[in-house]
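Taken from Swiss-Prot, the feature active site, charge relay system covers S136, D240, H267, and the record attributes it to similarity to another entry. What Swiss-Prot lists as compositional bias 'Low complexity' is 204-217. Annotation comment: Swiss-Prot describes 204-226 as region 'Disordered'.
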Amino acid sequence: MPALDIASAPAAVYQQQLHLPRILCLHGGGTNARIFTAQCRALRRQLTDSYRLVFADAPFLSSAGPDVTSVYGEWGPFRSWVPVPAGVDISAWAAAGAASRIDIDVEAIDECIAAAIAQDDRAGATGDWVGLLGFSQGARVAASLLYRQQKQQRMGLTSWSRGRDRKRGATSSTNYRFAVLFAGRGPLLDLGFGSGSLAGSSAASSSASASVSGSESAGEEEEDGHLLSIPTIHVHGLRDPGLEMHRDLVRSCRPSSVRIVEWEGAHRMPITTKDVGAVVAELRHLAISRKYESLRC
């Protein structure tokens with residue numbers, strides 16, 4: 001399985017970041033980890049002393065995504081988090097909403113994430129896995145992974161990644177505290193309980209979804225149990241043709257857990273100091289408001 005790509009980052013920087021809290025980064029459909037590393041260059045620069053960003057490759061080969069070949073045409077192979085039918089253009093396929101109607105290969109997604117986690121551990125990184133970050137299709141998968149974790153925690157199930165990492169000899173476990181979602185479409189994908197969870201247990205069969213244990217009152221759990229309540233930062237380009245679908249993902253989240261950053265851009269990652277700084281400011285606000293002492297930017 002493909003894993004993370006750190007070739008685009010100076011080795012010295014990654015050595016300095018070994019102790020920092022880690023964020024797992026999921027690229028958009030029709031790109032790959034190497035491309036996403038480059039697309040996040042401005043964000044990485046502002047977070048160099050705060051977080052270690054680790055970029056995972058998706059499991060499925062695909063055609064290039066929108067506007068990818070004009071800049072990164074020689075950076076293939078291109079990948080997708082969901083299987084795209086052979087010979088089908090990924091841009092037209094996604095625009096038609098086909099990704100919502102297919103069976104998601106949860107095992108393949110989980111294997112890629114486990115490979116990225118294990119490889120970064122082998123590189124000597126020791127920081128906690130504290131967050132997810134994704135763009136477009138990767139943002140949708142990141143939010144869906146966070147929601148799966150929320151269901152597992154509410155039911156007292158073993159998290160997928162901890163069980164899988166143990167099998168692979170890795171030392172990490174994941175307890176994601178937030179996600180940063182750039183241009184992510186709703187609704188959430190059904191990722192089940194993951195290949196390493198206790199999906200067949202009586203607890204799993206007795207409850208479909210709920211909020212993180214201990215984070216809300218019983219009344220709030222009953223009212224918002226179907227919503228993602230782990231904190232999310234949603235970054236929307238106001239000139240993105242898919243903006244309304246991105247706002248649909250916001251509606252899948254509990255309002256009090258959501259922060260929104262809007263910028264004057266299309267369907268791409270922000271790169272200016274001002275626009276990226278607004279995202280970093282929200283991360284800082286999240287760390288302070290949630291009293292995440294180790295996550296202060």
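Placement of Cβ uses the backbone N, Cα and C atoms for every residue, glycine included.
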Helix, strand or coil: which one is S136 (active site, charge relay system) in, per DSSP?
coil
Could you state the CA-to-CA distance between S136 (active site, charge relay system) and H267 (active site, charge relay system) to the nearest Å?
8
I'd like to know which of the active-site residues S136, D240, H267 has the most other Cβ atoms within 10 Å of its Cβ.
S136
Rounded inter-Cα distance in Å - D240 (active site, charge relay system), H267 (active site, charge relay system)
5
